[in-house]
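**Q** This is the structure I have questions about; it appears just below.
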């Protein structure tokens, strides 16, 4: 699937190594390969954006390596492709040897996979399913500060799906574990690939059912109900958490304004 980059090759360039992204001048490289000293490198076409190819190059650059978070304010489709590139680069880096027999692996020519010629095992990129849920109680929404994000941002609850668990069960369990409340009338909203490191966020809205807030201090600094027109600092636009909060606010405005 990969190829040698030629002088006149053009497009968007995802140059990635160890979950980092090359961001000269703080932006994704876009244009001719020759302008970015990429001629002769191997590249894998991982998608298309606005009619131009998006290329993945597995390479470390001495300067300007940053996090894919730095391009979160790009259009959603381009951010998604950047995340795909970083995740694929890490997949290829971490699967050089077979986990069953220890022999060297090689990339598939037909799909995003690594193959073992010795035992014929096949590996695919790992994707971790997560749930994220906005919980509404009349004119208020449940928002929390997470232990791992000590930046004053308040957001909705989220967590990983466990083995043998449905998405609906994961929502009920995570909400109970983190906040001590029960929810009802769960409704699917959307999903978002989230490359931190390799999650698929599955977003829901729910209504408060019963219980008082009792936080899990290992997960949350605090949690509270916030009226829709008096909200604290929120996650940035482009995140599925912000989408859920804005959708909940819109529902409240329709009923209470």
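Note that Cβ sites are derived from N, Cα and C of the backbone, with glycine treated the same way.
As listed in Swiss-Prot for this protein:
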- 69, 111, 124, 192, 193, 194, 195, 196, 197, 198, 199, 241: substrate binding site (BINDING)
- 98, 101, 116, 119: Zn(2+) binding site (BINDING)
- 125-248: domain 'Nudix hydrolase' (DOMAIN)
- 158, 178, 219: divalent metal cation 1 binding site (BINDING)
- 159-180: motif 'Nudix box' (MOTIF)
- 174: divalent metal cation 2 binding site (BINDING)
- 174, 178, 219: divalent metal cation 3 binding site (BINDING)
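Provide an account of the burial state, proximal residues and distances for the features listed.
**A** There are 12 other CB atoms within 10 A of the CB of residue 124 (substrate binding site), with all protein chains counted.
In sequence order, 116, 118, 119, 121 make up the list of same-chain residues 6 or more apart from residue 101 (Zn(2+) binding site) whose Cβ falls under 8 Å from its Cβ.
Every protein chain shown contributes to the tally, and the Cβ of residue 178 (divalent metal cation 1 binding site) ends up with 22 other Cβ atoms within 10 Å.
Shown for the motif 'Nudix box' (159-180): DSSP residue counts in helix, strand and coil, namely 13 helix, 2 strand, 7 coil.
Neighbours of residue 174 (divalent metal cation 2 binding site), defined as other CB atoms within 10 A of its CB across all chains, total 22.
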**Q** Considering Cα atoms only, can you say which of 69, 124, 195 is the nearest neighbour of residue 158 (divalent metal cation 1 binding site) among these binding-site residues?
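**A** For residue 158 (divalent metal cation 1 binding site), the spatially nearest of the binding-site residues is 195.
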**Q** 10 Å Cβ neighbour count around residue 119 (Zn(2+) binding site)?
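**A** The answer is 10 other Cβ atoms.
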**Q** Whole-number Å only: compute the distance from the Cα of residue 199 (substrate binding site) to the Cα of residue 174 (divalent metal cation 2 binding site).
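**A** Distance between the two Cα atoms comes out at 16 Å.
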**Q** Could you check which of the binding-site residues 69, 193, 219 is the closest Cα neighbour of residue 98 (Zn(2+) binding site)?
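**A** Result: the closest of the binding-site residues to residue 98 (Zn(2+) binding site) is 193.
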**Q** With every protein chain in view, what's the tally of Cβ atoms within 10 Å of the Cβ of residue 197 (substrate binding site), excluding that atom itself?
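**A** Counting Cβ neighbours of residue 197 (substrate binding site) within 10 Å gives 13.
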